[in-house]
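Asks: Structure provided below as structure tokens; questions to follow.
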Amino acid sequence: MQRSPLEKASVVSKLFFSWTRPILRKGYRQRLELSDIYQIPSADSADNLSEKLEREWDRELASKKNPKLINALRRCFFWRFMFYGILLYLGEVTKAVQPLLLGRIIASYDPDNKEERSIAIYLGIGLCLLFIVRTLLLHPAIFGLHHIGMQMRIAMFSLIYKKTLKLSSRVLDKISIGQLVSLLSNNLNKFDEGLALAHFVWIVPLQVALLMGLIWELLQASAFCGLGFLIVLALFQAGLGRMMMKYRDQRAGKINERLVITSEMIENIQSVKAYCWEEAMEKMIENLRQTELKLTRKAAYVRYFNSSAFFFSGFFVVFLSVLPYALIKGIVLRKIFTTISFCIVLRMAVTRQFPWAVQTWYDSLGAINKIQDFLQKQEYKTLEYNLTTTEVVMENVTAFWEEGFGELFEKAKQNNSNRKTSNDDDSLFFSNFSLLGTPVLKDINFKIERGQLLAVAGSTGAGKTSLLMMIMGELEPSEGKIKHSGRISFCSQFSWIMPGTIKENIIFGVSYDEYRYRSVINACQLEEDISKFAEKDNIVLGEGGITLSGGQRARISLARAVYKDADLYLLDSPFGYLDVLTEKEIFESCVCKLMANKTRILVTSKMEHLKKADKILILHEGSSYFYGTFSELQNLRPDFSSKLMGYDSFDQFSAERRNSILTETLRRFSLEGDAPVSWTETKKQSFKQTGEFGEKRKNSILNPINSIRKFSIVQKTPLQMNGIEEDSDEPLERRLSLVPDSEQGEVILPRISVISTGPTLQARRRQSVLNLMTHSVNQGQSIHRKTAASTRKVSLAPQANLTELDIYSRRLSQETGLEISEEINEEDLKECFFDDMESIPAVTTWNTYLRYITVHKSLIFVLIWCLVIFLAEVAASLVVLWFLGNTPPQDKGNSTYSRNNSYAVIITRTSSYYVFYIYVGVADTLLAMGFFRGLPLVHTLITVSKILHHKMLHSVLQAPMSTLNTLKAGGILNRFSKDIAILDDLLPLTIFDFIQLLLIVIGAIAVVAVLQPYIFVATVPVIVAFIMLRAYFLQTSQQLKQLESEGRSPIFTHLVTSLKGLWTLRAFGRQPYFETLFHKALNLHTANWFLYLSTLRWFQMRIEMIFVIFFIAVTFISILTTGEGEGTVGIILTLAMNIMSTLQWAVNSSIDVDSLMRSVSRVFKFIDMPTEEGKPTRSTKPYKNGQLSKVMVIENSHVKKDDIWPSGGQMTVKDLTAKYTEGGNPILENISFSISPGQRVGLLGRTGSGKSTLLSAFLRLLNTEGEIQIDGVSWDSITLQQWRKAFGVIPQKVFIFSGTFRKNLDPYEQWSDQEIWKVADEVGLRSVIEQFPGKLDFVLVDGGCVLSHGHKQLMCLARSVLSKAKILLLDEPSAHLDPVTYQIIRRTLKQAFADCTVILCEHRIEAMLECQQFLVIEENKVRQYDSIQKLLNERSLFQQAISPSDRVKLFPHRNSSKCKTQPQIAALKEETEEEVQDTRL
């Protein structure tokens, strides 16, 4: 970054913001880069600001029982805040004085006051000086308040982040990541720009008092008629605001539903294409979009009328103020024009500035209270340890995940023993206690000496991970003692990759040791992987390391743990994603050799690991089932395998767990009869044993970020799913959400995301930060993609302005959505932005406007209609202006005031009635036309948004994976959330405002030109100057705004990344390091934002300066050239003031339109994406009776029409080459082999060798060359969907979308309930589905969170059975499966797919042993394709991977003697992420 010119700028340069000229010049000439941005002043650095606020907050905490964050903020920022407030007030006072001077100028042209004509020029000078003073006061005040708001935001950002790193795991278990991001984005953005409006709470009352005093002098008591009308108008607008809020609340749920499905579709687009569900997903989303748009139109109409009421209220304010006085006493034109000017200022103050100020204070205080509550939450406490100890000891340790459950448990047992009966509430509490109150660990005892290896094994949910958490201090023991040295290194079960290079991920802030680093790389088998990258270990990993395979991520995480020099190494199932051979090598070289002298605790279920361990600890349901050596285990516990993992016992154990899951489901979900679904409230209910529901409680927490995460229940049946209110003395919202219920009644307009009715309680555990840390990489990496940006407030006052400050107020919400990407370093930051900067020009092109206008053919006619109506309004206005300026002299005898040649004076009752009849008639006409002029435009523009959404959705669904792979999931989702929200809400009214303002300016200029042609000459260069200034500024401002919005990404990415790896951070003690990285990201964003604010102020000040010059010219031209007639002078000066304020507004509005049209450009970019080859067609044909066929009838010229294809499943692959992107490096090269019908083929290869890629190539999801034939039909001769329908797929990443069981199994609704139940029986799903209310109509949400991983795999298996596919592709189907589900899948494969061709990619040897042929892939090519006997006889990868015990199983006749030896101990199963979550780790 460059050194800022601000540091050496003079006072004048700072006052006029001239120091920003270099960046404006550069931005106009070329595209700005991060290196062009200026460094921030030291006073704005996150380090200094956070230290300052943290010091005051600590002082507040130490001095008071009830600390207040606002007191700490006051001590930091109050005096500067008040100084700029006083400047703002003085600037606003000049607005009240200007009409006085205008009235005096008009009065000087009174024929009876010719002696005052000489002072008109001095009055004109005074009027111009007022504008100059106002400019010099207003802009520094606004900028100063912006600056303070920015500093407050930075300080609180840092304070919240530091607190987040200190929160206890129990607190994190109750807070969702969406709530944390919302706390930062939604609430803190209120300070950034809204602070400039806060002072109007006290400025407006003073201003109204001053104005009413001045109007009283003119009109006396009738002045209060206009004020009364304004108050009524404000109340009317408040009513419209509430109506708009009601529609928005109703619409919120529909938007949530649409974005739930859309986000799930985007995350699983590969599965959608593999299943051929494009049409089904498109239909589901479009149906939701239709309902959403109905409510969108209603909200838009109400908002339109709200805005129109302000525009056309000016007529009636003046009318009601002047009419009573005119009818009683008559009135001169000077008072009319002066009153008009006063009323303009008064109207803005009452209906705009004051409501905005009240809203700002309400929002700001609410945000401060939320942050204050968050900052007082319980912190993580490190355990006491002794650095001199060399052993790890745990004595009688018991622990609960639920805070305070240790005491509650003892109390509950005591109460239960004292009395046999209890009331309903107590029995409810105790009945649910087994689920929530059971200790996760109880009476654990072990001791290991230095250098020993302790292997921890056990069934799912036994407490293995919790044991490690307790050693690290994340889980506080309720009783017992833990003893260790405190120097800990940790490897998480789910690989955590931070943004940065591979080297940075491994070193992790520890001092670099070349020898140690190379030793770790070799031991963790990373050398070969690193050598494949051009940048070696300096390659940047983004989006959670998605450029790496799961095995590579796991090895990097292990290398990080091993690289740190510690006394105790905690390894939590580090080998889960590794193939068998790699796992063996790493265990030997890394765990057994490299760390031989270190104390290690390894969570594992592999028999080979147990044999090598010095001590073994087996946990079962939180208790110690066995502790000792392996030989002792065989002697003392020969039944341990069957006890824990035997299928008979496991069936019972699994049934108990399923009951627990069901109990939890029933606790979280309750049935709500046939009551209508209300998306504006989330009800929390108690599900008691009696079946009665607890009292409903409204909770309208608005959390747009969570709506992107997993928004809310997708309700498609009369069932209403609700959370449960758990028994607790503490208020539920305090325990479950850091965003309290204080946001009820907020009106929120979605920006990047959408309105949400708050995090549903049923998913709070799934959405908690603790769950985020225990989420698998494949699922966890999608969380940060879905985080969204800030929403904006829509105050009860409509969106309109007349002054620069009010224009600014309107821009209050023009925030570009926060989009999270992965990078911290400045050089690499641009590589991780969601939106490609190079593809979107800095300024919207004319082609985009033209294309947007022609999307809907009626839009052009609507624009013509608006123009015609406007011309009629101008004609009507000219009638009034002509009459006011040319009122004929009245008969002296009928005069109220006896004057000769008294022009433009209303004298008699007859003439006054005549004038006001015309005025009212014209006003009514204008009101009627104005109200309905824009409705067709708003309606049509929403229709255009509907069309663009449909086209974009269709384009994304039909785009090839090679194109989608180059896009970030968050970027795609932003198009459907942020950009569609802009097209729906902001763009229609902004375009209407701009068109209306532009026409008003044109009309006013025309009127002035008719009255005084010389002024028209001055107007032309001013308009040209405005246009040139706008073009000059727009180039730079849009680029700075883009850089600013992209600069937000690292902030929120860093937050999410830190939370995902929080246990690792704490174990390594790297909190200060990550705080430094967070401050660096904050400073980068601050540099962009501060420069944007400065250049914006430069532009606004230049507009004001041009306006002042123009007004000076108009004033002196009108004073010097106008002869007799005060009417002409009054009209010219009044219109001149209104022209320039309106033109200034129009210029700003045009910038807004250009900024919003960038969303249209991005949508068009997605619409123009290439499509996959072959247009999708219906793959089934109905029978004669109209029922859909259960098999696919091929539509191909090479096959007879009556043939059913595929019939056998024979598959031939010839010279297949696959690439991820067109022109990229081949992932697979020259693959050729043939599979016979009904054959089972296993794919073998190291992690990352291309096994899953080959399965994707079969489905034509990649760029492929070569040929594949199925039953003699080439893939080039049929459509894409017909080809994919030939395959059944069980993918590695299970896809469960939000919808009913029926929809998930049969989205096209081809099968009857009987057929679905039959298949559910075959795959073992019936018992699972029947446990849920509604059975097949039960709505699954949050990726099917109530189902275990195994049940989700069974869902995929059921889909394949229903598809009647002849070729089945299985990609790691048994990964993380329990034995019961695994046996069901094996049985189903043998029965339902007995005559099908099966291609299996699997790490479990026992599953591979059932295959007849094996395809070995190495270095992107086929190395071997033989039967199992040949592979075992040769030296191959398969021979190395298979163990002697597996050979015994495969060929028992070769080793008959060994069959009689001691029974082999089966391997314990790995735990799964879903099951870990269900059992609280």
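Just so you know, glycine gets a Cβ as well, placed from its N, Cα and C.
Quick caveat, the model's predicted, so the values are computed rather than measured.
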Asks: By the record in Swiss-Prot, which of Asn894, Asn1455 is the one labelled N-linked glycosylation site?
Replies: Asn894
Asks: Out of Asn386, Asn415, Asn900, which residue gets the N-linked glycosylation site annotation in Swiss-Prot?
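Replies: The candidate carrying the N-linked glycosylation site note in Swiss-Prot is Asn900.
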Asks: I'd like to check whether Leu320 and Ile471, as annotated in Swiss-Prot, sit on the same side of the membrane - that is, whether they share a topological domain name.
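Replies: Different domain labels for Leu320 and Ile471.
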Asks: For the ATP 2 site made of Tyr1220, Gly1245, Arg1246, Thr1247, Gly1248, Ser1249, Gly1250, Lys1251, Ser1252, how many Å separate the two farthest Cα atoms?
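Replies: Taking every pair among Tyr1220, Gly1245, Arg1246, Thr1247, Gly1248, Ser1249, Gly1250, Lys1251, Ser1252, the longest Cα gap is 19 Å.
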Asks: Just how many other Cβ atoms lie inside 10 Å of the Cβ on Gly1250 (ATP 2 binding site)?
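Replies: Result for Gly1250 (ATP 2 binding site): 23 neighbouring Cβ atoms inside 10 Å.
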Asks: Please report the three-state DSSP label of Gly1248 (ATP 2 binding site).
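Replies: Coil, per DSSP.
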Asks: Averaged over the whole of the region 'Interaction with GORASP2' (1387-1481), what is the pLDDT?
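Replies: Reported value for the region 'Interaction with GORASP2' (1387-1481) is a mean pLDDT of 60.
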Asks: For Tyr1220 (ATP 2 binding site), which residues in the same chain are close in space, meaning a Cβ under 8 Å from its Cβ, but six or more apart along the sequence?
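Replies: Tyr1220 (ATP 2 binding site) has long-range Cβ partners Ser962, Asn965, Ile1227, Leu1262, Asn1263.
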